[in-house]
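Structure provided below as structure tokens; questions to follow.
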Amino acid sequence: MGGWAIAVHGGAGVDPNLPAERQEEATQLLTRCLNIGISALRSSLPAIDVVELVVRELESDPLFNSGRGSALTANGTVEMEASIMDGDGRRCGAVSGISTVKNPISLARLVMDKSPHSYLGFSGAEEFAKQQGVEMVDNEYFITEDNVGMLKLAKEANTILFDYRIPVTGLESCASSVESPIRMNGLPISVYAPETVGCVVVDGQGRCAAATSTGGLMNKMTGRIGDSPLIGAGTYAGELCGVSCTGEGEAIIRGTLARDVAAVMEYKELGLQEAVDFVIKKRLDKGFAGLIAVSNKGEVAYGFNCNGMFRGCATEDGFLDVGIW
């Protein structure tokens, strides 16, 4: 074992014109979350506890697309989803269609620990949350002024590509006649907001864990489920590694991206970074995505095939890096 390691992400698919102040806010948030995770690992918390702790922090900050600040559905509401996996025994829990649970990742953890199931959705998940006594809030808690403005613009311009974090002001020059280059399952989509959050950790005992949480796509159809709650697609952890993905959910689902990193490590005997590079290059077809990963040897890796990915990583030997591009 090579000691503990941690990586966090705030989503792949960064707009190249993202204002400098937003970039700085993102860097500060990622650094803060890394430091929370590092402190927990130094206190010998197990990997599964650390990933939940870090993702809760990301969900509670409105900057990224999870928890408070989640992207809005076409109806103007928030439907969140999350999953968590403990590589020690490959235990997992996931939720979808969450609208009143303050921290969806903790509900996913409860599905894993306190239910006979691996995945609960919509009204069933909300009822389970009430039974477990988790903190509940009104749906309005998750909705921010920025996202209300972006949803309005999305509805006015059906085929334009938006990054959901771009300030509403200054977009008057965006013409609704501009055609989006992004297609999902062969169809043009009006808004591409892939800013999922995630965390992967290997602790000092070599145990890997992963957690992912998101509000999904801006202006998505009500009931849409992406890759983030799907074990093997958006999230995976086993004996060898832990992986959290972000980006075009439909492409990640088709490629079973997170599980494939572990699979090529196991079956092709690739190293962690080699496995990440292989999966990003070979399994996304025409989709755009990124991922973070840790190995049971204390290694950390990431990869993406789009403009950028908000990410940060650190290892027990003192390495620490936070980046976007």
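Placement of Cβ uses the backbone N, Cα and C atoms for every residue, glycine included.
Annotations per TrEMBL:
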{"type": "ACT_SITE", "residues": "THR196", "note": "active site, nucleophile"}
{"type": "BINDING", "residues": "ARG224, ILE225, GLY226, ASP227, THR246, GLY247, GLU248, GLY249", "note": "substrate binding site"}
Would you mind reading off the Cα separation of GLU248 (substrate binding site) from THR196 (active site, nucleophile), to the nearest angstrom?
10
What same-chain residues, at least 6 away in sequence, bring their CB to under 8 Å of the CB of ILE225 (substrate binding site)?
GLU81, SER96, GLY97, GLY121
What is the maximum Cα to Cα distance, in Å and rounded to a whole number, among the residues ARG224, ILE225, GLY226, ASP227, THR246, GLY247, GLU248, GLY249 annotated as binding substrate?
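Largest pairwise Cα separation, rounded: 16 Å.
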What is the separation, in Å, between the Cα atoms of the residue listed as 'active site, nucleophile' and GLY226 (substrate binding site)?
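Answer for this pair: 10 Å between alpha carbons.
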Among the binding-site residues GLY226, GLY247, GLY249, which residue has the fewest other Cβ atoms within 10 Å of its own Cβ?
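So among GLY226, GLY247, GLY249, the binding-site residues given, the one with the fewest Cβ atoms within 10 Å is GLY226.
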Looking at the binding-site residues ASP227, GLU248, which sits with the largest number of other Cβ atoms within 10 Å of its Cβ?
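Most Cβ neighbours within 10 Å: ASP227.
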Counting other Cβ atoms within 10 Å, pick out the least crowded of the recorded positions THR196, ARG224, THR246.
ARG224
